[in-house]
Amino acid sequence: MDKIEVRGARTHNLKNINLTIPRDKLIVITGLSGSGKSSLAFDTLYAEGQRRYVESLSAYARQFLSLMEKPDVDHIEGLSPAISIEQKSTSHNPRSTVGTITEVYDYLRLLYARVGEPRCPEHQVPLAAQTISQMVDKVLELPEGAKMMLLAPIVKERKGEHVKTLENLAAQGFIRARIDGETCDLTDPPTLELHKKHTIEVVVDRVKVRGDLQQRLAESFETALELSGGIAVIAPMEGDGEEIVFSANFACPHCGYSMQELEPRLFSFNNPAGACGTCDGLGVQQYFDPERVIQDANLSLAQGAIRGWDQKNYYYFQMLTSLAEHYDFDLHAPFNSLSKRIQEVILKGSGRTEIEFKYINDRGDIRLKRHPFEGILNTLERRYRDTESNSVREELVKYISTKPCTSCGGTRLRLEARNVFINDTTLPQIVELSIADALTFFATLKLEGQRAQIAEKVMKEINDRLQFLVNVGLNYLNLSRSAETLSGGEAQRIRLASQIGAGLVGVMYVLDEPSIGLHQRDNERLLKTLTHLRDLGNTVLVVEHDEDAIRCADHVIDIGPGAGVHGGQVVAEGTMAEILANPDSLTGQYLSGAKQIIVPTQRTPRDKNKTVELIGASGNNLKEVNLSVPVGLFSCITGVSGSGKSTLINDTFFKIAHTQLNGATTAQPAPYKSIKGLEHFDKVIDIDQSPIGRTPRSNPATYTGIFTPIRELFSGTQESRSRGYKPGRFSFNVRGGRCEACQGDGVIKVEMHFLPDVYVPCDVCKGKRYNRETLEVHYKGKSIDEVLEMTVEDAHEFFAPVPVIARKLQTLMDVGLSYIRLGQAATTLSGGEAQRVKLARELSKRDTGKTLYILDEPTTGLHFHDIQQLLTVLHRLRDHGNTVVVIEHNLDVIKTADWIIDLGPEGGQGGGEIIAQGTPEDVAQIEGSHTARFLKPMLK
């Protein structure tokens, strides 16, 4: 069977569509945001492919797998088992790293366990048990005629006179010993000082190196090893030549340090055998950070320099009063004027010094108690450790920072694992390399003999996996990078690389915009990877808006014509040529150039006197970057993946602005020297792709603030007033108006164990969330439930006479969200949709013209036509005097910017510098900028 037949697909907004999709081809599904692409790719094809495979398993196995809901479709045939690679499922497990997700780390553990060389942490001597034959051979390799003596260490760095030891050695027939580095006669040994440490080594044999000494040396070594418990030393009899220490034990000959046999689990930070005991393999330690605990060092303790310990908190302030009396300091003096020692006592405690504390209870009785002062940081730590209250924990988390573990230095591994080497390189050193550097290391790694044979297969697996990661544009990441810190696009491409590593055949892969966060330069490699997956014999379905991906596809499906209720139909399908020739295809019109996003004829000029200057940003891979952002312009931050854009803008620039303009207390900017020019703004707004809410109770109406005036309208109707209903009656989050059977959720979750959890509409309210009495109240003929079911477009028409609601709905339409429902659960919105809901909320607020907006890849999930709408909105914000800073790879956005700041030249350690800045026309001329190379043709 060479095709997949879909008949009557009605999932979500799909309108009973029929499709024939070729198998073993690269298929791109494109169309407007919200047109139904994901409904077709993920909720129909993937869901059915995965469901059929899981259903073939036993009931016992099924209970461990989440079975997907059966899609609303009449018939699908020709499906393979399906694997989806989405952006959403970025791991939040602090133990997941790039190395563990891709399994490279598992192979590295195996490699180090099998061919690694353990060394003593203190003396850096290889730990290797040697046979007597090996010891003899080593001595015979010395220059012929060299005079050597064989020593057996008897006492090592121990105090005492050791008279008995020396007598015993003489009684056994030994003539000489080396005591504290000096050779002496045992018939007349020196008197040793009782309280000094001494080392005694008995001379077992003295030889001139010759080839016929094998037997004699072997016997002498046997004697020496027996005397010393496994250690022997060969030392020159004359001069200061090098000594050779031999060990018959798997231990350091100098200090006796030994370790168990090497096993892969010793190198796992997720296993007690390998994890650092201090941080349990997390690599970081949490601590209460004085910088977060001290709210404002310019205030006094009485005024609230430390929140919760001011005059308002009577119990804690009593303690500080007693402390101030004891140490004679002023509670009304600014905290930063107190001496360092006093500040230390307040934060870390008085140690063993007891202080007389005066406690006054509610009745006014005074009680005196003597005890040391615990210290504010220790008090917070104890409360955090002992509390069972989530709210207290959440409050205290604000004051916690993390730092690299003091024991393992952030490597996550115990001492033994950190001291195993392959060619002078440890495992922690390898995982700190970028993937590109790690690939070079293993490509040039030379092992010899048996070790080379053992390592051959493991090295091939490591090299293959590293190469796949390079192919999907992730050469700048390092293997120790925590999965939590990856962007959606990076996480998706890592899973893509893992799948290629698996080398499966006959599978249907479904991908969701794998080009997110990729620079045009890396896009080509990604497309080669996708075609490689196809060439292995797989069907590759990609939901994508990227022009290169659409042109590269064997088969294109264009869903539309509009979004939401106006979409859900197949507008065009076939080869690239067929799409271009189809007059109904909006995608085809943009690809053929019939429609295009126009380059502005005139750029907004920059005022050199109005800029924000950030000096010396050095977080992650940034190399003391000086950033200059023009005020009142639309600026684009560009650069290849991993060049430092997010570190510079999100982790440094935004966090500084958030702290200084919005008064944030817990934002910790990456390191920088200084910033000036923030006085041009009154607030900063970061519009990212995180969900607008994590429960079905959050929806666009509640998030944008439309729901409050809607509830007020309903409570103002004649019916509501006669019944005494207030706006709270129309909330599904509080008792009163909501249906209590489902607590306002509209659905009831039924756990089915080895079947998927079933969400059934509530029997009582039939999924409407409200009780019957509330639903009897109508505004213009509609109940509150019917209003929540309206699309933004319908609601805009319905509420046109109500300016406060109509204005907010208009902004949702302006950002291209006319198709979403007011009450649509936040959990069903894509990252791009969530970002645009946030943008709409900000647009609907009163505009001061002094706002700094920061957006990270706002074109994610957007079709060419949606991008046109988004740009209209962003340009409107700029025209009102606001400053818009956008991190973006999309050339249609970059070419319309007023100002470009390009980072690079490469990703990871090869990046972290500003290599070009200016208008798009200026930047396009700059040699050495990858962005310039792709931007130049767009400006013609």
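Along the chain as shown, residues are numbered 1 onward.
Cβ atoms are placed via backbone N, Cα and C, with glycine included.
According to Swiss-Prot, the feature zinc finger maps to residues 252-279, out of the candidate ranges 140-167, 252-279, 280-307, 868-895. The binding-site residues listed here are SER641, SER643; among them, SER643 has the most other Cβ atoms within 10 Å of its own Cβ. Cβ-based neighbour count (10 Å, all protein chains) for SER33 (ATP binding site) stands at 28. Taken together, the residues in the zinc finger (739-765) have a mean pLDDT of 81 on the 0 to 100 scale.
With DSSP classes pooled into helix, strand and coil, the tally for the zinc finger (252-279) is 4 helix, 2 strand, 22 coil.
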